Amino acid sequence: MTKQIIALVGRPNVGKSTLFNRLSIRKKAIVHNLPGVTRDRKYTDGKIGSCEFLLIDTPGLEENPNSMSVRLMEQTTKAILEADLICFMVDCRSGILPDDKLLSSFIRKYNKPAILVVNKCEKAFDFDKEYYQLGFDSMVAISAEHGTGLIDLYDEIIAKLPKEKSIETNIADPVKGDCVQIVISGRPNAGKSTFINALINDERLLTGPEAGITRESIEIDWQYKNNHIKLIDTAGLRKKSTITESLDKLSASDAINSIKFANTVILIIDALSPLKQQDLNIASYVANEGRSIVIVVNKWDLVKESEKEAFQEEFYYQINTHLPQIKGVSVLFISAINKQNIEQVLDACLTIYKNWNKKITTSKLNEWLNFTTEAHPLPLQKGGKRVRIKYMTQIKTRPPTFKLFSNNPEKITNSYTRYLVNNMREAFDMPGIPIRFAYVKTKNPYV
């Protein structure tokens, strides 16, 4: 059963994201007193009592001819066209501004059910003539931040939603269940949003030549080859030393949190600004968090044909040298804007996701362990006693984690652990997967 869709529309900083968080089942929008934080259509499941719906947060709109404003208007127009109900928000502190009047006319021409939501009303509020002149028959005064007036808003929402669509509970969500969460990460302006738009064949995310357009993590539910996918676009991650504004800090924190809860991370790298230390830092962070990763070099169409082979050789060398913990990681060269090789990226993600969830039987593990340690045994210790790894078992997946029992685990060097991990990746077909070993001392002192 299709859920009702409610769009929150208004000029910048009227409190749309605050109300979005109030109505959503879980907080998803960054809230900041700087205007224009939201730049993409942001979707979440919302709920009022027993009623469930899909909620859209939209960019703040203002009358401005620059290209960014035009692109923001396109995002909001798409949300209005999708919506069954529009909540048009204004700020009671500033009163009705010229942009509010222009936007109200813009909304009314679509002939959709709408509610005028006057936000930031911390005290008793009386609607005067200027609010009625906006042309809405339903008006509610609220404070989204403090929660006042929300019951009145809930009543209006339920009353104004079209009756021919049911909004009862137990609505089937096609993307619940075994859903692969794929986070798109990278430095600013690497083409992350362009990649997602190309993948889903929709201008879902705002793109452009400006660095840092995406400020929040945007989730998109999608299906690919009968797999439920949640694509998560994130703000570009800059070096810590260059993050000075509080909003940039919030955006970076939001992106980092998305990586922590990801299944797979696609690291997008700009071919015209190849492999910087920040790219390596992001990849290391992903591996240290135990997430699976696919590396994508975007804007490959802009690299000269005569330079591509040398580029790839140097790129692979740098990855293998600086990121040994994800040795064998999939690297794909694409052009998001031309939709070149983009499906290969998703295929690689699904493969690595499967390997990230891999469970290996104890018998196969110990057969491999015996062969590998005999081929390259640990060196003898003082007194002629050899350090031995007697037994191992897998204790978890996501990432694959193994417990190894040894007579003297503290003598097992990091280099020997790398030897075992690299050999395991090859033996069990787990290239690029972060693998974790936990050594335990055997209780029997004679082994």
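Cβ coordinates are placed from backbone N, Cα and C, and glycine is handled just like the others.
The domain 'EngA-type G 1' annotation in Swiss-Prot covers 4-165. Taken from Swiss-Prot, the feature GTP 1 binding site applies to 10-17, 57-61, 119-122. Marked as domain 'EngA-type G 2' by Swiss-Prot: 180-357. Summarising the annotation, Swiss-Prot assigns GTP 2 binding site to 186-193, 233-237, 298-301 and lists sequence analysis as the type of evidence. Annotation comment: Swiss-Prot describes 358-443 as domain 'KH-like'.
Projection of Swiss-Prot feature records onto the structure.
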| residue | record | DSSP (3 states) |
| --- | --- | --- |
| Gly10 | GTP 1 binding site | strand |
| Lys16 | GTP 1 binding site | helix |
| Thr58 | GTP 1 binding site | coil |
| Cys121 | GTP 1 binding site | coil |
| Gly186 | GTP 2 binding site | strand |
| Lys192 | GTP 2 binding site | helix |
| Thr234 | GTP 2 binding site | coil |
| Trp300 | GTP 2 binding site | helix |
Integer Å value for the Cα distance linking Gly186 (GTP 2 binding site) with Thr58 (GTP 1 binding site) is 24
Cys121 (GTP 1 binding site) and Asn189 (GTP 2 binding site), compared by Cα position, are separated in whole Å by 39
Cα nearest Gly10 (GTP 1 binding site) among binding-site residues (Asn189, Lys192, Thr234, Leu237, Trp300) -> Thr234
CB contacts under 8 angstroms to Trp300 (GTP 2 binding site), restricted to the same chain and 6+ apart in sequence, sorted by sequence, are Ala271, Lys308, Phe333, Ile334, Ser335, Gln340, Asn341
Residues in the domain 'KH-like' (358-443) per DSSP class, helix first, strand next, coil last, are 34 helix, 22 strand, 30 coil
Smallest Cα-Cα separation from Thr58 (GTP 1 binding site) among the binding-site residues Asn189, Lys192, Thr234, Leu237 is shown by Thr234
Rounded Cα distance, in Å, between Lys16 (GTP 1 binding site) and Leu237 (GTP 2 binding site) is 25
The average per-residue pLDDT within the domain 'EngA-type G 1' (4-165) comes out at 79
Rounded Cα distance, in Å, between Thr234 (GTP 2 binding site) and Asn13 (GTP 1 binding site) is 21
Among the binding-site residues Gly10, Gly186, the one whose Cβ has the most other Cβ atoms within 10 Å is Gly10
All chains considered, the count of other Cβ atoms within 10 Å of the Cβ of Lys16 (GTP 1 binding site) is 29
If you measure between the CA atoms of Asn13 (GTP 1 binding site) and Leu237 (GTP 2 binding site) and round to the nearest Å, you get 24
Most isolated by CB count within 10 A, of the binding-site residues Cys121, Leu237, is Cys121
